[in-house]
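K.L.:
Annotation comment: Swiss-Prot describes 636-643, 956-963 as ATP binding site, evidence class sequence analysis. The feature compositional bias 'Low complexity' is assigned by Swiss-Prot to 153-166, 182-195 (among others). The feature compositional bias 'Acidic residues' is assigned by Swiss-Prot to 203-212, 233-244, 295-306, 392-404, 441-451 (among others). Marked as compositional bias 'Basic residues' by Swiss-Prot: 280-290, 377-387, 456-467, 485-496 (among others). Per Swiss-Prot, the feature compositional bias 'Basic and acidic residues' maps to 314-328. Per Swiss-Prot, the feature domain 'ABC transporter 1' maps to 604-857. For 923-1139, the entry in Swiss-Prot reads domain 'ABC transporter 2'. Summarising the annotation, Swiss-Prot assigns region 'Disordered' to 1-564.
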Amino acid sequence: MGPKGKKKGQSFDDSDEEINNKKGGNKKGQQLEDDIPQPVKKGGNKKGQRGKQDSDDEPENIPQPVAKKSNNKKGQRGKQDSDDEQDEIPQPQKKGGKPAPQPQKKGGKQQDSDDEQDEIPQPVKKGGKPAPQKKGGKQQQQQDSDDEQEEIPQPVKKGGKPAPQKKGGKQQDSDDEEDEIPQPVKKGGKPAPQKKGGKQQESEDEDEEDEVQQPVKKGGKNDKKKGVKHVEEEEEEEEEEEIEQPVKKGGKAPKPKKGGKGSKQESEDEEDDVQQPVKKGGKKDKKKGSKHVEEEEEEEEEEEIEQPVKKGSNKKDQKKGGKGKHVEEEEEEEEEEEIEQPVKKGSNKKDQKKGGKGKQQQESEDEEEEIQQPVKKGGKKDKKKGSKHVEEEEEEEEEEEEIEQPVKKGGKKDKKSSLEDSMSELSIKSKKGGKGKHVEEEEEQEQEEEEEKPKSKSNKKDKKKGKHVEEEEEEEEEEEEKPKSKSNKKDKKKGSKHIEEEEEEEEEEEEEEKEEEEEKKMTLAEIRAAKKVKKVDKKEKKKEKEKKKRDEQEEDAFELAKKKQQEEIDYDNIDIDDVPGKDAPTYVHLKSSEGLRSKIGNDIKFDNLILSVPGRILLNNASLTLAYGQKYGFVGRNGIGKSTLVKKIAMRDEITIAPHLRVLYVEQEVTGDDTTPLDCVLAADEERKWLLDEEKVLTELEKVNPSWQFDPRQKRNYSLRDIYDRLKEIDADKASIRAANILIGLGFTFEEISVKKSRDYSGGWRMRIALARALFCKPEVLLLDEPSNHLDLHACVWLEKYLNQWDRTLLVVSHEASFLNEVVDNIIYIHDQKLDQYRGNYDAFMKQKSVNLRSKEKEKDKQDRKLKKMNEFITKNKNNTQAKQAASRAKKMEKIETIELEREDASLVVDFPQPEHLTPPLLVFKDVCFGYEGRPTMFKKLDIGIDMDSKIALVGMNGVGKSTLMKLMNGDLHETTGYIERSRKMRVARFSQHFVDQLDTTMTPIEYFQSKFNNPPVQQIRNHLGRFGICNSLPLHKITTLSGGQKSRVILAELAWAEPHILLLDEPTNHLDIDAIEALAEGINAFTGGVVLISHNQHLINLIAEQIWVVKKDGTIYLYPGTFMDYKNEISREIDNMVIRS
């Protein structure tokens, strides 16, 4: 019967107020809700009560929303249908209406519904006997319906009785369509009886819920008689289903409806994946007509979507009413989504009663072990919400279709206890309920009181049931959030790494393009050499990348472990002995950590080291040990790998060095800023700075909390006494005096070190500041590369004296033999891709080397004589009777390793052309005074002279004017007063350390000479360059590709081109190795002209100087009466007098 006041197909807006106003109306015209439960006849039989218990056995698997009770008048419920957007609309039969019976043949139509009734059990009337089945047909139909009920739990009305199953076969279709539609029963309402043979239009909805689990009522007699023989076959078929369906937690299991057979089975495939929540309604809903049901079923045929039920959403807050047009549009949009939802594994299994339904329940539970079903929590508080929330819930459900929400497996014992409690309470309520109207009024009043309570409150029963479930769900949500946040961080890291890789690839492509352009200009030989260099570069880059990755991984692992350790410590509930405590930094040497350092060791050792640069290998399987406290001198020819190896040690690259060892490598000058040299040096000692800061912290803690040592948060693995001892050991109170002495020893004045800013110094002086910082820190390993290059003679002598007292590991790369003789006690000689170590200073090394060379020459001669005899025997007897012996000796000759002597390097040649002789004097200074304009006079009344046989060394502290005097000699500057007499035929050549930087590096040496000297013949240029070691293919190479020493040779060759009578050499040894310096000394001694030398290289001065001219600060020059070594000893005495005592 249609609703009053509403035409067919018409929809009305609904609201909570209208529903409340409609209570107490006539029951006959009441419209169906979206989820209308099947009425059940009220009886006193206990078998129906068992069915009710079965519906509560699985409350976590299928939530059931319950609608508010109201006394609706006839025709008023249709207005509410327009706002309800519920996907599931079960259809009841009219109360008291007799459906038209449909005949059924024996063994006939039940075959059509076999596949559709896989999982739907049939309820039995409470207190009544099960309906008998017709012969030949009804037995099989009942089995098919049982198959479909294995995954569809069916709730039972609260306080109501299960609906009976009428005779006849028309019930089959309704059961088929209840596969996925749980049907609740109204609380306390009277069930409407079903007539025999009545049609059920609800079959479409039931067919669409093919995979929702249905609990089965226990104890029905009819269940025992149902087809037991087919159970095993049905179980095998049901195990093949693999579609996961999420189910709300806390919802009560739906109850299958009963009714006659309908004709609409086409919607089974369409709604195979749709899960439909069902409301519980009052008993007035039972009177709704079947015509409106048919209209709603036609709308539901379009639904093909899995509708997950949101966790924690209200299941009972949907109001009664039919569907509106907007619901249909949303359903059409949702049909496109086909996302599988996770279903909870392992639902609660209870002991099943005997009978067919018990077997069906057992089969459905077996299949649940493969399907994880999230279950929704709920309570009575959910009943308040109305149809306005339906749209929000559907949107949330659509979002949840993209997210699988696994739920933990519930324990059987916990669920059993909670379900038994709930069933016992329900059974008590059902006994108290009667058939009269006063029962309905009492139930309505109870429901209204529950609606007035705040939503935050739930009934005690739900609290008891869901307490542990809620805790589990909160833990699960936190666990799900944690991996998401971690994955987001990993994604960010991966994204940043990917960007860096793309940038590197772009840079490589740009480099390749540039190289291709350069290759077009290069010859074949140069291209091949460049390709070899590229290969080596690629290998090195790969090694660097791998090293960076390893370092990053180690740092990340260390930081994570450290953070984890800090997070895990609960300082409030932990014993202080269990706290790891804070350690001092590795560069701080406290007594508390000396034991650990002694176990680790302070030596540096490496084996089988391979060192290479683009284009060639420097070291191959080299081994070396640097013992702590020893001082090593590193010698070898330029470009052989000395500086490269020192940098490798400083970077700890492929070389094992204990972490507590501080390694300092003085390579670059300090950056100029507003700090003074003294402050810059004091700030370099990190250990002293940390000790002073920690002393302040601990003394402050002592004042605030005298018992801080017992606070786990403040625990330290060292004491304040340890800090005091270390500060005393390093003379922290005398740090300023020590820093000042170092600066003064390196050439600074006491007045300027605390006033002048570092930015006001030149590069050479800032390099001295960097050296002073390293010496002040006193690292365990000090690495120096050509420390005397930027120092004057006085500073070199001071540095020698300072390093003589060095008690830690020292490795010095130096080309000054005198410095090595004074400082080191071991020599490491690099040659032929290997390292040889010698005990003693540089002179001892040279003696041992010469002895080894003579011994090797003798062995070489002996081997050559032996090989010559063997070769003569082979040649003589290869064709006679001793041919076999000759062949045997030939094989022996091939196995003999020939001894090879070190070849003399052709570049170790400096040959100045000899000038014609000129009568003296060539250059004479007579009462010469000089000073720059606006400055004080630098030189006063100079009376000096230079001839062709002069070999003079100018010495003095930096800044006294040695280079200025040399410019006056060359004529670059002119005297202020006095007179400089020069011979007219005299030619003078001056070498400056800055000339190397002024070379045109885009030219080859041959092109440079052609531009300087009016295009002389190429062969003449090559011959002249060969006299200074620029031979073979070097004259054809660009100057930019030459080493610093080779560039210096080009300058010397340029000076010698004019065949000068006097050579003025200002620091010519920079960039020259020891062998080249020796060659330069030999060339200068063989030169027949005059030589004036300015050099910090004591060995060169000692080899060539016949006169020592000392330039003093007062602008005078005097001839030192002794030798250079006598002058050096005098400098040493002066340095001792310069030391600040306090």
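Glycine is no exception: its Cβ is also placed from the backbone N, Cα and C atoms.
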K.L.:
Just name the winner among LYS642, LYS962 (the binding-site residues) by count of other CB atoms within 10 A of its CB.
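P.N.:
That would be LYS642, with the most Cβ atoms nearby.
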K.L.:
Just to confirm: which same-chain residues, 6+ apart in sequence, have a Cβ under 8 Å from the Cβ of ASN958 (ATP binding site)?
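P.N.:
For ASN958 (ATP binding site), the qualifying residues are GLY747, ASP792, HIS794, ALA795.
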K.L.:
How many other Cβ atoms sit within 10 Å of the Cβ of ASN638 (ATP binding site)?
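P.N.:
Around ASN638 (ATP binding site), other Cβ atoms within 10 Å: 18.
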K.L.:
Under a criterion of Cβ-Cβ distance under 8 Å and sequence separation of at least 6, what residues of the same chain contact VAL960 (ATP binding site)?
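P.N.:
Spatial neighbours, sequence-distant, of VAL960 (ATP binding site): VAL1111, LYS1112, LYS1113.
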K.L.:
Cβ distance under 8 Å to GLY636 (ATP binding site), same chain, sequence separation 6 or more: which residues?
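P.N.:
In sequence order, LYS642, TYR829, ILE830, HIS831, ASP1073 meet the Cβ cut-off.
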K.L.:
I want to verify one value. Collapsing DSSP to three states, which class is LYS642 (ATP binding site)?
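P.N.:
SS state of LYS642 (ATP binding site) = helix.
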K.L.:
DSSP secondary structure for GLY636 (ATP binding site), reduced to helix/strand/coil, please.
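P.N.:
The three-state answer is coil.
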K.L.:
Sorted by position, what residues of the same chain at least six away from ILE640 (ATP binding site) have a C-beta under 8 A from it?
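P.N.:
Looking at Cβ-Cβ distances below 8 Å from ILE640 (ATP binding site), excluding near sequence neighbours, one finds LEU618, ILE830, HIS831.
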K.L.:
Determine, from DSSP, whether LYS962 (ATP binding site) sits in helix, strand or coil.
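P.N.:
For LYS962 (ATP binding site) - judged by DSSP and reduced to three states - the answer is helix.
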